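Okay, structure first, notes after.
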Amino acid sequence: MDTEFAELEAEDQLLMEQQRADHKQVHWSRRPSVVLVCLAVFMVALASSSGESARQMITYQLACYGLALRPPDLTVASAEEPQCDPKQAQILVSNLMLAYSVCMGVAGTLAVSKIGAMSDMYGRRRFLIFTLAMIAIGRTFKFFVLYSYSTLNIPLVVLSEVVTQSGGGVLGLMTVVNCYISDVVDPASRIYSLGFSIASMFIGLSIGPVCGNLVLKLADRHGLERAMDAGSSMLERLIASHQFAPLKFELIVFYATVVYVVVWLPESRSKANLKRSRSTVSYGSIGSAPSELSQESGLVGAADESAVEFESWTAWLWRHLNFLTPLRILWIPAHYRSPSTLKQDRLVVLLLVVCEVMLTCTAVSSGEIYMLYGIYRFQWSTLDIGRLLAALCSSRAVVLLILSPLVNKKLFPWLGIRTSKTRYDSNDFIIAFSGLCIDAVALSWLYHAKTTMEFYGVLMIAAWGSLASPTMNSAIIKFYPESKVGVVFGAMSILKNLSTLLGPFTFLTVYKFALSRWNDPGFTFLVISGIYAVQAALQLVIRFSLRHEA
């Protein structure tokens, strides 16, 4: 590693150590900490999952009612009662998901590409507030769209999702949270602390559906009886007013989270670090060699300042609009690794990145497929979707909080399996490979599931696969200097957001095709299973490429 680059990194490290020392001088209740920021993550997850099942059902029901009124000779005033075609309603909802997944991906990618670097310069807290506020505003907008219209207004629903994602969405939130955690914990505790933030989200996602179902039951006093009255319209029988109660509860929790961050959560970055970040604008320096780093980051002499001052407006515009610049670091810079292993290390990192992005893509897409399939095949209600979310998230929280430490700290040492701090090791391979294999088998099993309980059970067994993503993230970070962890996470976030453009579109298209052509939407599970199998095979390729070091 170049001497000049090492000196710059040492200066950053000194500032970080001083910042953490200053944090320890603050009273524990006002000190930046992992617990305080993860409480916000928990509240966001709880809010989102508490209203998700009701939102999915209301969306489906509005689509169903709109399709029932579609024929030109059929109106609300017709003597004939409108009838809903479940298959056509599924296809319409799938089209909606395709539309807003593309818009969400574009908006989210643009936000995430800048949010990490901007939070370096202006602080994590204000970007947490901005991201949370945009999520809350977007969800409020969607609530009024669903509540005010008697059919599914697709353009406004899509617009509400764009508003939600304009602050980065949940992925942008987790990016800033990861940066916040990196500011306040020592490197030795970073992996566990980052895992704690993921576990906080899963716990919130587990409790949220329970809270949503409880709110739904409390709100269902006489609404159901009125909706089932013989004189009620089809829409009133489909959507009783109490079904919006979980969405109201969701909004209350979201705005409470915004207030909590504004009033209580302290800033994690010191004034010295903020000042240094603002004085060393590094959009173009990611992955650069040391000599380039000094010039491009603003660390230049007086003779060069005039050149920087007269930067053309087109160059300035391109530098700020090119959101793909951080991706350069994923092609490991030559001064980060030994020349003898550089080519091999680059191959390993690229394959791990491909696996991680594919895993995120399938995870985001499969959640929507689960709900659509359950509604179509098993006639799920709002309560059933809530139970699905609870089963998915609670099982994964147990794996991350209980099984993962037992395996890594007890089982592997007992078996004599050693951990490497700089390489993809046997621990990484065993966990990632086994998790992806279990995911592949579980998705194939879902295709043959006959009952709702069997469906839930298979997904809970597949919870072990949730360890694959943090394991691969941890392995990727091993190939970079400690000071570049945040930059690498930012680059990964860009790719994950871009994958949301392709993933949902692809899988929902497959779902629609299998449903309309073969009346077999479960075929989508076999496709996803095959993708997990490909990722498992890539883990074997990585392992065999490093076999001479095993």
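Just so you know, glycine gets a Cβ as well, placed from its N, Cα and C.
What TrEMBL says about this protein:
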| type | residues | note |
| --- | --- | --- |
| TRANSMEM | 33-51 | transmembrane segment |
| TRANSMEM | 97-115 | transmembrane segment |
| TRANSMEM | 127-150 | transmembrane segment |
| TRANSMEM | 162-181 | transmembrane segment |
| TRANSMEM | 193-216 | transmembrane segment |
| TRANSMEM | 247-266 | transmembrane segment |
| TRANSMEM | 347-373 | transmembrane segment |
| TRANSMEM | 385-408 | transmembrane segment |
| TRANSMEM | 429-449 | transmembrane segment |
| TRANSMEM | 455-476 | transmembrane segment |
| TRANSMEM | 488-511 | transmembrane segment |
| TRANSMEM | 523-546 | transmembrane segment |
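Of the two recorded stretches, the transmembrane segment (455-476) does not lie close to the transmembrane segment (127-150), with fewer than three CB pairs under 8 Å once pairs fewer than 6 apart in sequence are set aside. Same-chain residues lying 6 or more positions outside the transmembrane segment (429-449) and placing a CB less than 8 Å from one of its CB atoms are 355, 359, 366, 407, 412, 417, 455, 458-459, 461-462, 464-468, 471-472, 475, 522-523, 525-526, 528-530, 532-533, 535-536, 539-540, 542-543.
Between the transmembrane segment (193-216) and the stretches 162-181, 385-408, 488-511, 523-546, the greatest number of Cβ pairs separated by less than 8 Å involves 385-408. Between the transmembrane segment (523-546) and the stretches 162-181, 247-266, 347-373, it is 347-373 that has the most C-beta pairs under 8 angstroms. For the transmembrane segment (385-408), the residues of the chain that approach it from at least six positions outside its boundaries are 49, 52-53, 56-57, 195, 198-199, 202-210, 212-213, 367, 370-371, 374-375, 419, 427, 431, 455-456, 459-460, 463-464, 466-467, 470, judged by C-beta separation under 8 angstroms. Between the transmembrane segment (488-511) and the transmembrane segment (247-266) there are fewer than 3 Cβ pairs closer than 8 Å, counting only pairs 6 or more residues apart in sequence, which means the two stretches are not in contact. Fewer than three CB pairs closer than 8 A are found between the transmembrane segment (97-115) and the transmembrane segment (247-266), and contact between the two stretches is not assigned (pairs 6 or more residues apart).
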